[in-house]
Amino acid sequence: MRLVVVAGPTASGKTALAIALARRLGGEIVNADSQQVYRGLDVGTAKPTAEERGAAPHHLLDLVEPGEGMDAARFAALADAAIAGIAARGRVPIVAGGTGLYVRALLHGVVEAPGRDPALRAALEEEAARLGRPAVHARLAAVDPAAAERIRPNDLVRVVRALEIAAGGRTPSELYQAHAFREDRYDAALLALDPPRAELHARIDARVRAMFAGGLLDEARALEARFVGALPARLPIGYAEAAAHLRGELDLEEAIRRVQVAHRRYARRQVIWLRRERGVAWIAPPHDVEALSRRVLEPRPPAIR
C-alpha cells in the first residue's frame with residue numbers, strides 16, 4: 001500500500017492539493033495538523049470547510065476539546081487505524097498536515113520517553129504561574145538548548161514535558177538522536193509544498209486578516225466564556241491574541257500583526273523540520289495534479305525515495 005503525505009508550511013496550500021489528489025486517486029484524507037484536532041476551533045486553525053470535507057472524506061479532525069492533550073504517539077495510533085480503514089475500502093490514504101512531529105511519528109515511530117512526574121509537573125506549572133512561562137522555558141534552555149529552540153516559550157505543556165524527560169537522566173534531544181527515526185513504517189511518498197517566501201508570507205498575512213474578519217474573535221469569545229479567568233496553556237496560534245483584543249489589551253491591528261508574525265515564525269519552523277526529513281520531494285507551485293498523481297503511485301518514485 002502506498003501512503004501519500006502532503007506536508008509543508010502553514011498557508012502553503014496543503015488542503016487544496018490533498019483534496020485534488022484525493023479526487024484524482026480515489027483517496028481519503030487523514031489530518032496531520034495538531035491544531036485542527038480541537039473541536040470548536042475552526043476559523044483560527046484554517047480547518048477544512050464543510051464544502052472541502054464534502055469534496056473528499058476527512059479523518060482525525062475535531063478529536064479533543066480545547067485544553068485536552070493530544071501527543072504524537074496517540075496521533076500515530078489513531079492515524080494507523082484510519083489508514084487501515086481507508087486501505088480496507090480500496091482507497092488511497094492521503095495524510096495532509098504541517099505538524100512535523102506527527103508526520104515523523106507516523107512514518108518512523110515515536111521515542112520511548114520516561115513517564116510523567118505529577119509532582120515535578122505541578123511545581124513547574126506553579127513556577128510558570130508565579131514567574132511567567134519564559135522562566136520555565138529558560139530552565140529547558142539551560143539543560144537542552146536544542147529542545148528549547150524547537151519549543152515556543154508559551155507552549156507550557158511541551159516545555160514541562162521536555163523538562164520531565166530531562167529529569168529522567170537523558171535530554172529530549174539525546175533521546176531523539178538515539179532513536180534516529182530510521183524505521184520506515186510505511187511505503188510513503190512524502191510531498192512538501194515549497195512556495196516562494198514572499199508569496200507564502202503574503203498568503204499568511206491575508207489568511208490571518210480573513211480569520212479575524214471571519215469568526216476568530218467569536219471563537220475566542222466562546223473560549224473566554226468557557227474558561228473564565230485563564231485560557232488553556234496550549235491553544236492554537238491566534239486565540240490568545242484575539243482574546244487579548246476582546247479584553248481591551250490589544251487594539252485590532254496589533255493583534256492581527258502579532259498573529260501574522262507568529263504564523264510566519266511557525267512556517268519557518270515547519271520548513272526547518274521538513275528539511276531534516278529524508279526522502280522529501282519539494283513541490284513548487286503551480287501544482288500539476290495529474291503528474292503528481294502518477295508520480296506518487298510509482299513503485300519507487302526516484303525523486304521521492
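From the backbone N, Cα and C atoms, a Cβ is placed for every residue, glycine too.
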> Which stretch, out of 33-36, 169-172, is listed as region 'Interaction with substrate tRNA' by Swiss-Prot?
Replying inline: 33-36
> Here are the binding-site residues: Gly8, Pro9, Gly13. Which has the lowest count of other Cβ atoms within 10 Å?
Replying inline: Gly13
> Among all the protein chains here, how many other CB atoms are within 10 A of the CB of Thr99 (site 'Interaction with substrate tRNA')?
Replying inline: 20
> Using an 8 Å cut-off from the Cβ centroid of Gly8, Pro9, Thr10, Ala11, Ser12, Gly13, Lys14, Thr15, can you name the remaining same-chain residues around the ATP site, in sequence order?
Replying inline: Gly98, Leu193, Pro195
>> As a test of reading the model: what is the averaged pLDDT for the region 'Interaction with substrate tRNA' (33-36)?
In response: 96
> Other than its own, how many Cβ atoms are within 10 Å of the Cβ belonging to Lys14 (ATP binding site)?
Replying inline: 23
> How many Å separate the Cα atoms of Ser12 (ATP binding site) and Arg121 (site 'Interaction with substrate tRNA')?
Replying inline: 36
